[in-house]
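Per Swiss-Prot, the features are as follows:
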ACT_SITE  51  active site, proton acceptor
ACT_SITE  78  active site, proton acceptor
ACT_SITE  199  active site, proton donor
BINDING   15, 26, 200, 221, 222  3-amino-2-oxopropyl phosphate binding site
BINDING   17, 18, 53, 58, 108  1-deoxy-D-xylulose 5-phosphate binding site
SITE      159  site 'Transition state stabilizer'
């Protein structure tokens, strides 16, 4: 079996933000994140993820607009819950929008969206995007209250923040965080939402997450960009997809369908 060309087992979303970070470091036109996205598709990526931040530190508006009509898979646009970003998303019309928390001083997204604390605002954002024909995902911590709030807000998809798992410093902490994610996946299924995951995943920690049968999609970027420095971009994409699919196929957890959960 060619693992990187195995659709439907588990999807890989390639985040191209850090290709844009390299480009912007010198203010050049290269490396081109659009070219990276198209090559990633050829190498087996099931979707392309990119984060249009309010400060435009990596991805620019022009990148999103230029890339949207060229993709053969799906565009998953990450953005903050602000009216400016929601309006941009509705204008561009990606297949998916993942709403994320955002602080200007952070290096990368540091935690999940607080849907419980900002319920009315998130619910309104979900409605605006859904009315524009865009599927909405909420990037949240693996927490039962946040999952319930996400479902109540009208989000058909959640993306579980795997940062604490990725940053675990010993086996006990790692196992505890993995159990937390597994429990959150079950909770998401119970609420009838599609469950994705991502943040901090790389070539040696992705396997246990990819093996969880209830997870539909993993979004990974920095690790692939970093690995590509040594392995080459398309090889890096292929290797990550192969690792994920192999982990899922070798999992002892039955990959049973869950009625009522959107795909």
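All residue numbers here begin at 1 and follow the chain in the order shown.
Quick reminder: no glycine exception, Cβ is built from N, Cα and C everywhere.
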Residue 51 (active site, proton acceptor) and residue 78 (active site, proton acceptor), Cα-Cα, nearest whole angstrom: 4
Those recorded positions, out of 51, 53, 58, 159, that come within 10 angstroms of residue 222 (3-amino-2-oxopropyl phosphate binding site) at the Cα: none
Cβ contacts of residue 58 (1-deoxy-D-xylulose 5-phosphate binding site) (under 8 Å, same chain, 6 or more positions away): 17, 18, 20, 21, 24, 51
Fewest other Cβ within 10 angstroms of its own Cβ, chosen from the recorded positions 17, 78, 159: 17
Cβ neighbours of residue 199 (active site, proton donor) where a neighbour is any other Cβ within 10 Å: 26
Maximal Cα-Cα distance (Å) across residues annotated as binding 3-amino-2-oxopropyl phosphate, namely 15, 26, 200, 221, 222: 25
Binding-site residues compared (18, 26) - highest count of Cβ atoms within 10 Å: 18
Fewest Cβ neighbours within 10 Å, where candidates are the recorded positions 51, 53, 222: 222
Local Cβ density at residue 221 (3-amino-2-oxopropyl phosphate binding site) - other Cβ atoms counted within 10 Å: 23
Whole-number Å value for how far residue 199 (active site, proton donor) lies from residue 26 (3-amino-2-oxopropyl phosphate binding site) (Cα to Cα): 26
Number of other Cβ atoms within 10 Å of the Cβ of residue 200 (3-amino-2-oxopropyl phosphate binding site) across all protein chains: 18
